[in-house]
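The next block holds one structure in the form of structure tokens; read it before the comments.
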Amino acid sequence: MEGGVHEFDGSTFKECFSLSWRNPYVLRLAFSAGIGGVISGALLYIRDDFRSVDKNTWLQELIVSMAVAGAIVGAAVGGWTTDRFGRRASILVADALFFAGAVVMASAPAPAQLVAGRALVGVGVGMASMTAPLYISEASPARVRGALVSTNGFLITGGQFLSYLVNLAFTRAPGTWRWMLGVAGVPAVVQFALMIFLPESPRWLYRKGRAEEAEAILRRVYSAEEADREISELKESVAAEQLDRATKLTLTTILKTPTVRRALVAGVGLQVFQQLVGINTVMYYSPSIVQLAGYASNSTALALSLVTSGLNALGSVVSIYFIDRTGRKKLLVVSLVGVAISLAVLTAVFHEAAAHSPAVTAAATAQFDAALACPAYESSLAAGNGEFWDCTRCLNKACGFCSSGEGNKLLPGACLAAWNTSMAGDNCKEEEERRMWYTRGCPSAYGWVALVGLAMYIVFFSPGMGTVPWIVNSEIYPLRFRGKCGGAAATANWVANLAVAQSFLSLTEAIGAAWTFLIFGGLSVLALGFVLVCVPETKGLPIEEVEKMLQNRDIRLRFWAKRHHSNDTSKPSGGV
């Protein structure tokens, strides 16, 4: 196995399930901790029931962003709690916080309680996002560690898919969003109940001087020979840490330690680039892509959400299959190449849509009541500039485009006021059954290509950049630094998430969707270079061996070339 010290025949994917069948305890550990992924994926869309929220954009943004802000705090706090109180205890606290937040939101009588509930949920998600992969990693056999940690990613994406199904199931129920948020607390309760009966991480126990407990757990996970080797390596790691115990663990200490610094650069960089390549913006912009394809109805948008979330979950299964078979680095490279190509496709489609946007004409607009006309368009007509208007400009002025009633969505249409979307949209559709109402994207003859680009993006992103950053961060840091460095990397992920989400709409308004996706494409190319130079291959390496690999740092651009291993495992191959 390239980059590792454990060799075995056959598919690692089959080996993972074979091991889990022979030793159900391993699968129980991974599944119980991985339910945290379902919790992360259960942040359902909230439909406003409050007039104050409907009238205040800043309040809507606050409700949406509060969960991400809470996750930033949770990830930072989680890095400290995992080292101080243990991995298992941190997961239990995360479950309690998430459940409390779900209850507060589901019963919220006013927006203030909704914001508070979102914050609690965010803190729980932030803690679980960095603690669950770490717990699974430290309790898993090295040869299938990647596949088992990938179950966390699969449960995240699977949870997102289930959340859309729940959304659909409760659409017509009274108090729709309250039911959705109440159901979201169920996974937290299930995980809490399962985790109570599971032990603490053996590596955390060993570091805390509870060697007998740690060895008992390792012997349940590994064969007798492997357990002896793991225990020996743990003793060496803890002994080396004892020599360095007098040094206070600070940011300066971390940055001055070459091994940790290299690991932190790789870990934090991967987490930041995971967000900078635009996954959340692509997912967010999917309704516009549906409209580009000529399908403007809400039911179609929901169907697309199910398809995209389903592809995302499928990609996580692909990751489970390939992560220990091909390695982390190869999967990242293939993922980023595909992401860059997909973003190029989306850039081209959005550029063509803007360049050939259907025209807006005074004649088409005049078919409707004057009160429904877009104020900005009326002012432009009065100034003699109405002939320069098209669908793109209409939407940029916060108005809506009503397509031609002749059944061809590319013919000139009307620009109507979108401040009352329901009224304008209903009038647009009543005038002629074949009319379509657009408020988030303009129709295009090449809209189907946008759907292909979106599907390509998710198929390539999910198995690599979607799951590997969390796997690498769960196994790359020395034992003493694992909690704080993992917390720093998870915090960086959520900060980047918030920054991209808050800037996306401003970017599209300022430079257009095509240029925005082009920027994300450029960032994906930068991410590819970063992976090639800074990210090590940790496939198959015992966690304690990763530190030795980083000490003998070797930049390998030819990451695909196989290496022949010597008998000296103190110098494992698979360079940085």
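Backbone N, Cα and C atoms are what each Cβ position is placed from, and that goes for glycine too.
Database features (TrEMBL):
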type: DOMAIN; residues: 1-539; note: domain 'Major facilitator superfamily (MFS) profile'
type: TRANSMEM; residues: 25-46; note: transmembrane segment
type: TRANSMEM; residues: 58-77; note: transmembrane segment
type: TRANSMEM; residues: 89-109; note: transmembrane segment
type: TRANSMEM; residues: 115-136; note: transmembrane segment
type: TRANSMEM; residues: 148-170; note: transmembrane segment
type: TRANSMEM; residues: 176-198; note: transmembrane segment
type: TRANSMEM; residues: 263-286; note: transmembrane segment
type: TRANSMEM; residues: 301-324; note: transmembrane segment
type: TRANSMEM; residues: 331-350; note: transmembrane segment
type: TRANSMEM; residues: 445-473; note: transmembrane segment
type: TRANSMEM; residues: 485-505; note: transmembrane segment
type: TRANSMEM; residues: 511-535; note: transmembrane segment
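Away from its own ends, the transmembrane segment (485-505) comes close to residues 61, 65, 68-69, 71-72, 75-80, 82, 126, 129-130, 134, 254, 260, 263-264, 267-268, 270-272, 274-276, 278, 280-281, 284-285, 469, 473-474, 477, 516 of its chain (Cβ-Cβ under 8 Å, at least six residues beyond either end).
Within the chain carrying the transmembrane segment (511-535), a Cβ under 8 angstroms from the stretch's Cβ atoms is held by residues 262, 265-266, 269-270, 273, 276-278, 281-282, 285, 288, 328-329, 332-333, 336-337, 339-340, 343-344, 346-348, 350-351, 354, 465, 472, 504, 555, 557, 559, 576, all 6 or more beyond its ends. Comparison of 176-198, 331-350, 445-473 by number of C-beta pairs under 8 angstroms to the transmembrane segment (301-324) places 445-473 first.
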